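Student: Please read through the structure below; I'll follow up with questions.
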Amino acid sequence: MINRNKLSLRRLLFAASLTLTAGMFYSCSESAAEEAKLPILGNREPVERVVEGQTVVDTLYHQIPDFAFVNQDSQQVTQETFAGKLYVTDFFFTTCPTICPKMKSQMLRVYEQYKDNPNVLLLSHSIDPTHDTVAVLKDYAARLNVTSDKWHFVTGEKDSIYDIATKYMVTAMEDEQEAGGFVHSGAFVLVDENRHVRGVYDGTKPEEVDRLINDIPVLLKEQNDQK
Amino acid sequence: MTRNRSISVVAGLVALTTLTQCFTNRKNEGEKLYVANCQSCHMEDGSGLRGLIPPLAKADYLQLHREELPCLIRHGISGEIVVNGQEYNKEMPGLERLQLDDVTNLLNYIQTNFGNDNQRYTMTEVEELLESCPAH
């Protein structure tokens, strides 16, 4: 009996060490793949162009168009606010009873992780801009204890907000059937300095947000290498 | 004699299992209600959301305002409140459709989980407290 136990313990250890080694190889190759590059998401179009008599085909990537919203300090927030930086964006509303508290607690993790890095910004759009006025957003951000040079909470023209949501490939619309009156996805979208979407993550799942937190340095490095 | 004894042992065992089952079911009931109705705001671990939604985990409020909690759950709460020294001021919707046993299970669940080890409620106690809810 004792012997048998010993044997199985040894086997167990062996199996465990195998798994460990396999895991090490796996994580190595994975981090090597991460080193490479994040994909550029969304539609792409081939564009032909003539250079010195030769036709070359460029790929035109999906790009976030110009925008102008107002943040919790009544300051204009536009694409210029994010020039040369990367940002993480989402869509929410302050009275949302469903997924927003979870999203905000996860976005706080990203905030805490990158709060001292000026090249990473956060942008949360209200999809209930009629209720979420500048004053409401200011109170919300103050209670969360986050600063407006890092994390912009914006309100604006309802149509423009719903419109830009589709550009970030996020669902957001009014729906009386839904708790709180709006349907929206809990996505966090990672955008680079060229306004390309480089990642979409489920902001209600801690493991997806871990992935985002790990992807940010990869993108920062890429942007840095290009400078 | 031996027969009698074994019968009583069996009977005792049956009674015990039904009883414990009852208790464990109760506990699951409270947890289920929490997941379905409260977790989206107060979070899986009862930690709430910084500055906006107060924690249930180790919250002094649960002890300081123990008697108000049945009404708070049924009718919601708004206005300024202080939990563990931090001020909150946001609206929590009520759950009017919750039955007496649901409110009791739910309260006992939050009073004894998330690191809390507070006094439980009996159904009669919750019933009395619900009868005297302030106007809402």
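Counting begins at 1 with the first residue displayed.
Cβ atoms are placed via backbone N, Cα and C, with glycine included.
The Cu cation binding site annotation in TrEMBL covers A:C96, A:C100, A:H184. Marked as disulfide bond by TrEMBL: A:C96-A:C100. Per TrEMBL, domain 'Thioredoxin' is recorded for A:58-221. Marked as signal peptide by TrEMBL: A:1-32.
Locate each feature and note its surroundings.
Tutor: When other Cβ atoms within 10 Å of the Cβ of A:H184 (Cu cation binding site) are tallied across all protein chains shown, the result is 27.
Within 10 Å of the C-beta atom of A:C100 (Cu cation binding site) sit 27 other C-beta atoms, taking all shown protein chains into account.
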Student: I'd like to know the mean pLDDT over the domain 'Thioredoxin' (A:58-221).
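Tutor: Mean per-residue confidence for the domain 'Thioredoxin' (A:58-221): 93 out of 100.
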Student: What number of additional C-beta atoms lies within 10 angstroms of the C-beta atom of A:C96 (Cu cation binding site)?
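Tutor: If we count other Cβ atoms within 10 Å of A:C96 (Cu cation binding site), we arrive at 22.
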